[in-house]
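Encoded as structure tokens, the structure appears first; notes follow it.
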Amino acid sequence: MKQLQLSLLFIAIQLISCDHKIQKTQVMNPITDPHSFSDLSGTRLTHLDWNAEIDFTHRKIKATATWTLEYQKDTLILDENGLRILSVKDQDGHLLPFEEHEVDSIRGGWIKIVLHPNVQKIAIEYETMEHPAALQWLEVNQTLGKRYPILFTQSQAILARSWLPCMDSPSIRFTYSARVKVPQGMLALMSAENPKEKSPDGVYTFSMKQPIPSYLMALAVGDFEFRAISDRSGIYAEPELIDAAQNEFSDVEKMISAAETLYGAYLWDRYDLLVLPPSFPFGGMENPRLTFVTPTVIAGDKSLVSLIAHELAHSWSGNLVTNATWNDFWLNEGFTVYFELRIMEQLYGVEYAEMLAQLSYNELLEAINTLPPDETTLKAKLDGKNPDDAVGPIAYEKGYFFLRTVEKKVGRKFFDEFLKKYFDEHKFKSITTEDFLEYLKSNLLKKKEWEEINVESWVYEPGLPSTIVKPNSTKFSAIESTVVSFLKTKVVPITSRWTALEYIYFLQNLKGKIDEELCKKLDNHFRFTHSKNSEILAIWFLLCIETNYRQAWDAMKQFTVQTGRRKFVIPIYRELIKNNQIQLAKSIFQEAAKNYHPITYKSVAQLFENTL
């Protein structure tokens, strides 16, 4: 009896302690992807065997993609964009009928393949055509070493189809193996198990045993060298950059350990980084096992390594649990920003994380004030639009502040337990916004909390709900006072103890408030025009354009020509156009175009289309 009473008491205590852990069975919602032509409810692709030769002379990939499939219907539709399909065969080498159809410039087109019930595999022989949207080919003189050219891919969001016929939807996962032949003397790397040394014959084999969506397929070929950071992490880069990269990213293992402490084991075996040339269009790309990174985060003082924490966090939010469609993109990025700041808080302290949160908040407010209202909902409305348009503060920062607000309501302990369970129960799955909201309601929030947070407003309505939990940075409050004093007295502040984040916030707060004379005064004192910190440079150049401080314009032009990161160059072009410098903007673009990845090139070109 005593044992029974103790058992009942234990159960009662457990029920009380699980106040925010309601257990219900979740039924996943059916998925329709507006950016894929594939029939997601029909025949499924489960494994890819990719055999490819990289032809730098003709800038072409020649490949055979052999897909293992689960037969459901007598036709299979795959996404493609600009591929030349040579043949389609079954596992016995018999030709299968197929037809191709191009639909539009955003989604490309489709291949319809006629199957028979005994089909287990299909082998598609193909080659890429001119200017595939995912690929950037760099000439020898565009590299640091000037010895070999470089090729790299950027498949997100719907660009994998430009170098691989596939079901190009984040809701479809597959494992893959690959054999890639490249010119001798070059190293080939993929989002898979990677070599650490060059192969004498230029042939490399790869294996990705964890299932991934197509947008996480990645390839890079170049004169790369490897350096280990720990037993499970390391750096690839051109030899001329490898030392600086190794020093800058030496805390990666600490980040992995911090992330695992928060939300469970790292399930991708290795976490390596590949530092690409400055033309890489993003800060980073979270390709599993091999994050692609821009060299613009190498500042020499580790001041920009929060980007690495962000890409690492994607190993859980995005790679492990994936947005089912690009309308659900905030599930990838909002969670990742939240996770990133938690990692940074654990490693560098609460105040550092709050400064990052304040920068995110400022970026979010600017987006809310400038974007059309229907583009400020967390659940995006991208049907008929390019999903790359969702890459911005709404998915990232509004998503983060929604999760921050939920955490504040229920308490960090309960929220961490919820997230750890969420990642575990949905690992290697893709979910919709509605799936997540059902899970949130069933496993964390009570009805009253749901209503007090105003969850539906956060997700489906424009703008920012009043329930937002704003950041509170003591150091940034001091910066705001410093700005007021500087504008009043024109005396340059004492900044010997400032971090890079404080300089960034200081410059942000000068927008629209200073003139050319003050710009010159700041530059003479701080030498911002020659800063090694790319974030500081990008903000500084905007001020120099706004105030017509032309002494910095040569450096601004050089930065914009050499850097392909969209986050930096698009605001510079916009500011030039806004300040009646459209001819200068066009001349810079004309010189820079050859250095830009197709993603950046298209984004900048659209700015000029809007000025006609």
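The backbone N, Cα and C atoms fix where each Cβ goes, glycine too.
Taking a C-beta cut-off of under 8 Å and a sequence gap of six or more, GLU311 (active site, proton acceptor) has these contacts in its own chain: GLY284, MET285, GLU286, THR291, VAL293. Taken from TrEMBL, the feature active site, proton acceptor applies to GLU311.
What TrEMBL lists as active site, proton donor is TYR396. Around the Cβ of TYR396 (active site, proton donor), 25 further Cβ atoms fall within 10 Å across all displayed protein chains. In the three-state DSSP reading, TYR396 (active site, proton donor) counts as helix.
Cβ neighbour count for GLY284 (peptide binding site) (all protein chains, 10 Å cutoff from its Cβ): 20. As annotated by TrEMBL, peptide binding site applies to GLN154, SER155, GLN156, PRO281, PHE282, GLY283, GLY284, MET285, GLU286, ARG565, ARG566, LYS567.
The Zn(2+) binding site annotation in TrEMBL covers HIS310, HIS314, GLU333. Contacts of GLU333 (Zn(2+) binding site) defined by a Cβ separation under 8 A and a same-chain sequence distance of 6+ are given as GLY318, ALA395, TYR396, GLY399, in order along the sequence. DSSP assigns GLU333 (Zn(2+) binding site) to a helix.
Look at TrEMBL and you will find 467-608 tagged as domain 'Peptidase M1 leukotriene A4 hydrolase/aminopeptidase C-terminal'.
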>> On a simple 10 Å Cβ count over all chains shown, which one of the binding-site residues GLN154, GLN156 is most densely packed?
In response: GLN156
>> Please report the three-state DSSP label of GLY284 (peptide binding site).
In response: strand
> Sequence gap of 6 or more, C-beta under 8 Å: which same-chain residues meet both conditions with respect to ARG566 (peptide binding site)?
Replying inline: PRO281, PHE282, VAL391, ILE599, THR600, SER603
> Any idea of the Cα spread of the peptide site, GLN154, SER155, GLN156, PRO281, PHE282, GLY283, GLY284, MET285, GLU286, ARG565, ARG566, LYS567, as a max distance in Å?
Replying inline: 18
> Tell me, how many other CB atoms lie within 10 A of the CB of PHE282 (peptide binding site), whichever protein chain they belong to?
Replying inline: 22
> Between GLN154 (peptide binding site) and HIS314 (Zn(2+) binding site), how far is it from one CA atom to the other, in Å?
Replying inline: 16
> Cα distance, GLN156 (peptide binding site) to HIS314 (Zn(2+) binding site), nearest Å?
Replying inline: 13
> So how many of the residues in the domain 'Peptidase M1 leukotriene A4 hydrolase/aminopeptidase C-terminal' (467-608) end up helix, strand or coil by DSSP?
Replying inline: 104 helix, 0 strand, 38 coil
> What is the pLDDT of the domain 'Peptidase M1 leukotriene A4 hydrolase/aminopeptidase C-terminal' (467-608) when averaged and given as a whole number?
Replying inline: 96
